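Below: the structure, in C-alpha cells.
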Amino acid sequence: MIEVVILDIEGTICPISFVKEGLFPYFLEKLPTYLEKLEYPITKNGTSDVNDIGSEFGSEHTESYEDLLNYITELVKNDVKQPALKTLQGYIWTKGYASHELKAPLYDDAIKFVENTKKSKKIYIYSSGSVKAQKLLFTYVEGKDGQVLDLKPSITDYFDITTSGYKNEAASYRSILASIGYEKNPEAVMFLSDNVHEIKAASEASMQSVVVVRPGNVPLSTDDKETYKTINNFDELGI
Ligand SMILES: [Mg+2]
C-alpha cells in the first residue's frame, strides 16, 4: 500500500524542454530591460537588487552595458554554472512568475494526479533544481484556459541535491526516507522519474520506483523496459 509519493520534475511532470526552451529564452529576452537601467561601471552600492547582483559578475565584465550583456549571454549559451548568473536568473524568473508571464507547463495528468493523490497520500518533490525554484514552479502552474494554479499547498516538502545529495545515489533516497520517517517502511514510498539511473538508485533504497515516459525524454533501452515498471501517463498508476 503506497502512502507516500515522491516526484521528479523535468521529464516527469513537465516537459524536459521547459528549462532550455522556456526559462532560458525568457531570461535572455528580459535581460536587456534589467541591465539597461543600471549605471556603468557597476559598483555594489545598494541602489537596486539588480545593480548589486550585477556587480557580482566582476569588474572586468561590468564596465559597460554591452560588456555585461555579452558576457551573461555567453554564460547562458554555454550553460556555465556561475553563482551570479544563478542569482540573476532566479531574480528575473521570480518576477516573471509573479507577473504571470511565466507559467509552469505541467502535464494535465500530472496536475490531476497531484490534486487527487494529496487527499490520501503525502506528496514530496525531489529535483536537481533548487528547492526555491521548485516552490516557484508549483506556485505558478499553467491551468486550463491559461489561468494560474497554485499547487504548492498540495506538496508536503521539497528536496534537492543540497538537502539530500545526488539523484543517482541510493544514499540520497535513504536520506529522504529518514527525513520523512519511512526508513523502516520504504516499500510504502513510490518514486517517479524519467531517469533510469535515479529509478535504479531509489530501487536500491527499497522504494517502489516507476519510470515515466514522456515525449522528448531520453529513450529507454530494451533492457530498461524489462527491468523497470514504466508508465506514459499518471492515470496508468491506479493508486
Ligand atoms: Mg527528470
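Keep in mind that glycine also has a Cβ here, set from the backbone N, Cα and C atoms.
Where the annotation comes from TrEMBL, it is an automatic prediction and has not been curated.
Together with Ser127, Ser128, TrEMBL lists one candidate of Lys81, Lys86, Lys167 for binding substrate, that being Lys167. According to TrEMBL, Asp8, Glu10 bind Mg(2+); the candidate from Asp157, Asp160, Asp194, Asp223 that the record adds to this site is Asp194. Less than 6 Å separates the Cβ from ligand 1 in the case of none of the binding-site residues Ser127, Ser128, Lys167. For Ser127 (substrate binding site), applying a Cβ distance below 8 Å and a minimum sequence separation of six or more within one chain yields Asp8, Ile9, Glu10, Gln134, Tyr158, Phe159, Asp160. Glu10 (Mg(2+) binding site) falls within a strand when secondary structure is assigned with DSSP.
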